[in-house]
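Copied over from TrEMBL, here are the features:
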- 5-278: domain 'ABC transporter' (DOMAIN)
- 375-394: transmembrane segment (TRANSMEM)
- 406-429: transmembrane segment (TRANSMEM)
- 449-470: transmembrane segment (TRANSMEM)
- 554-579: transmembrane segment (TRANSMEM)
- 636-888: domain 'ABC transporter' (DOMAIN)
- 981-999: transmembrane segment (TRANSMEM)
- 1019-1038: transmembrane segment (TRANSMEM)
- 1059-1082: transmembrane segment (TRANSMEM)
- 1094-1112: transmembrane segment (TRANSMEM)
- 1124-1144: transmembrane segment (TRANSMEM)
- 1207-1228: transmembrane segment (TRANSMEM)
């Protein structure tokens, strides 16, 4: 599909004016596969997004993009072409097959049926008889709306995902598929559809070279056979993968400096004076030759002096080379009459509305079943709450008289609140799926209504179930009116006339009216007359007193209003989903102008750069840096290591063994000064082996002997001297790159190292990993904001290197990096190895240079068995000699990547073809015997050595740990306005509403109803703002917990110290929140103005908000997920509601529940607020027809005594301490991460 891209200019809108793409022009042709190469930050991702019509709308774009002569505005680009992101965003609860099946179903399952009909018609016309197999396949993938398709099986097979098809995707907390498999899933999710124009961004990250080659080969066939247009950005393509491409686009500084046939690119650079050396991948050369640091080594005109060739000079040279021909082709208009009607899509969605609705409904039902435990937990809590309510409002205690009216009203109100708060956990579930929704919405998988309506529909049965359970358990247990027409619901509130409109737009109001009218206009309340001159019945008097004196017809009005509001809320939800944007943008990452970038680059010492780059490859050990700090070289040996996990329940019928054997008889040794590679196909057990050796596994069963320096491994000691670069880059989003590294150095370097030297060490590591240019950029959230994926990977490495470890495990350290950045990382790693540290890396698709930088390799096959363990040798000669010595193994081709050849000849299909077991051959080889001897030698401690021991568990004392953690928490909170500014705004809004409801009524108390209004508003405020504080902290602590698990494992700090810092950092923010409430609400309500009462008010609000905040943190520490924490949170809100002393005062509580009243913090909060204000007021009021002082009324009706204020003060302070202690203890004791 010809595409003319004319002068695409893209720049950030005011005020920065930074150009991301600058005068980019070119053509991408059909039936040809194009490779996009360039250094990080050159604009590759932006270029791909712009071509796909997915650029950020806040950025300014000029120029023209056309497909077959049609502009992007003249057809539906999202259904004609697709952009496959470098970020993997999937629903963690679905399996791999379910994810691709849903995508296929929404995209019409391959080719549409109408296309197949047209093809059949033309075949008949021309007398063509199709091949039976092809005809059957075409028909199988053309049926729309199927739940499971042959196309899905085909995609799973070619992407190598068939072995994990029934495994859930998983996330940071729940074990699922590997990072490489997630990357392939991202690709498969888009490839399964009918779109034949693909823009693919870094699809090989986390994949081994053999798998990458297989996928790109399939894409090549797709392009050549079907005429598809494919543009792929790859970071480290191996030579054989590079050879599969037809064309190359090379970018630098937002400009295209070469676009043309792959076969001519080497000629172009030789024309410019640069030549690719032997045993150097051409793709690696193309990226490094653009770098000012690396360019000089490729200059081959020895008779002419070298000078740096800039991007603009390359562009000028290309115009003289073949650029003029390309320029002419771009400005030759495409003849639209040559465009096939089906080449471009003019329909927004691939399926009809009913099919889309069914697809979304079936997925929603599947996810509902996956979360069945959550719904069971919610219903169980509701049943428990109903039983508690019955035990308090039991019918034997409830009489039909004026005194017990309030108890009936309290029970109705409590039931309403419980049924309302039971839906709060749905917020967590909905929020967790929004990212996936935005992605699929923007790809036009389905409209927003197809997502929102199934969700709303499937909530209805659960709402009915919960309502039925509550009504069944409480209606007759409490003793509501038994008439058949009274099976309904509850209460109302008194408001000033100028804000009455708020009452009429609230669904709670209509619910109160409906259930109150339903109960108190029933016959039994009409037969009892109140003892007064009025002829009104007790039921009417009750409704009149509470402002709910509406006619019986209002019950049906309330029902209609609630149904209308349900419809309006769901409509608003759908509209919000339709027009809202995903949270965060990629534009927030650290970007500097090219001029500034070039200026900073030229500031570096050119002589050092030249010294580093005089010789090619990473074998060049640039000068050993000054970052060498004292350490003890350590050998890690392991013998007969096995690892098992329990067989999943759904596979136990198919598998005889109750345990899966993931690692089988693994033995070896990692030695100081030796750089070891751990390689194998995806699923071979590389990461599993590293996790077992480093003690990171939280589940399963491991066996074997692991020794450190000849002594049995002690995990606490081992954590002090080791580093682990995880495959998943988990960092605090709100701190900068430099601060992340400083935090690691602060807590992991020995305490005796001076602060200044520690800072110099940090800066040195940042410069070495080339993060110094972005050291002040916020890390951000992956795929949402902050630094890019490859910068995040380098930050992970820097955080571990700065700890000065003796042993370093690196899980795919070059994954996600371009060839040059990978070479930089490996150069750093090689330098560190030369200081006699022990380093082990898993690696997937190394270039020849990177692969041969390793000294030894352990090669594993699927099933967790070693098939090679030994030296690589010069130019990998020993590895090649070993495998070529096995009968039937093909010889390696000249200049072929040994790593790729090794993976190809040892893959399962090759093993089956040869009829051999490489693991068995290895155990019969001399290498196995040599490794056994090496392990035995390593088991014996060196003469004169001592077992590694530290006098303390951590590098820093508790005070330093606390300072570091508090410093990090301070930065994290200060840079999180969504959380902190949000709660301040809520405090102000709540205080304004509180003041409006009780405007100038604080000292105007004439009867019991006036006091009830004050107490009721205070109660609602405490519960609402307290609940808001509780629920707002849940996602914050949940996200921080994932980071804490990583930092705690490597021995940065004691979990209790970190938890204490989290507790302390909340205090100033909560105090400010309480102060805002005091400043606004106290004068508007006109409460008593003595310093004692003001101080008590502030103290009470502060302690109450802090209690709720720490209560939420404690709930997270006891919950495995955010969703479960939300359920427990809603349950706790129910408990504090019921036993607060407002719905049921303490004197009238059943004696079997009084003890619980004294335990609930909200009861003491209400007691403290009201007693401090009114406990010493002797003004007389009319309460229940009698004259009493306010203080006497408080004591008689609620049990509030002014003399109890000292005890109240102590308990208000004790509750935050108690919940903070719970949080601190269980954060240290419980670990919900599954590895």
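Every residue number used here counts from 1 along the chain in the order it is shown.
Quick reminder: no glycine exception, Cβ is built from N, Cα and C everywhere.
Predicted automatically and left uncurated, TrEMBL annotations should be read as such.
With a cut-off of 8 Å between Cβ atoms, the residues of this chain six or more beyond the transmembrane segment (449-470) that come close are 353, 356-357, 359-361, 363-365, 368, 375, 378-379, 382-383, 386, 415, 418-419, 422, 426, 430, 437, 441, 570, 573-574, 577-578.
Listed by sequence, the residues of this chain that lie at least six past the ends of the transmembrane segment (1207-1228) yet keep a Cβ under 8 A from its Cβ atoms are 1041, 1044, 1054-1056, 1058-1060, 1062-1063, 1099-1100, 1103-1104, 1106-1107, 1109-1111, 1113-1114, 1116-1118, 1161, 1164-1165, 1167-1168, 1171.
Per-residue confidence over the domain 'ABC transporter' (636-888) averages out at a pLDDT of 86. Here the transmembrane segment (1059-1082) has long-range neighbours at 962, 965-966, 968-970, 973, 980, 983-984, 987-988, 990-992, 994-995, 1025, 1029, 1033, 1037, 1040, 1094, 1097-1098, 1101-1102, 1105-1106, 1109-1110, 1113, 1220, 1223-1224, 1227-1228, meaning same-chain residues at least 6 beyond its ends whose C-beta is under 8 angstroms from one of its own.
Proximity of distant same-chain residues to the transmembrane segment (1019-1038), defined by a Cβ-Cβ separation under 8 Å and at least 6 residues beyond the stretch ends, is recorded for 421, 424, 427-428, 431, 976, 979, 982-983, 986-987, 990, 994, 1062, 1066, 1070, 1073, 1077, 1104-1105, 1107-1109, 1111-1113, 1115-1117, 1121-1122, 1125-1126, 1129, 1132-1133, 1136-1137, 1140, 1142, 1162, 1165-1166, 1169. Away from its own ends, the transmembrane segment (554-579) comes close to residues 437, 441, 447-449, 451-453, 456, 488, 507, 510-511, 513-514, 517-518 of its chain (Cβ-Cβ under 8 Å, at least six residues beyond either end).
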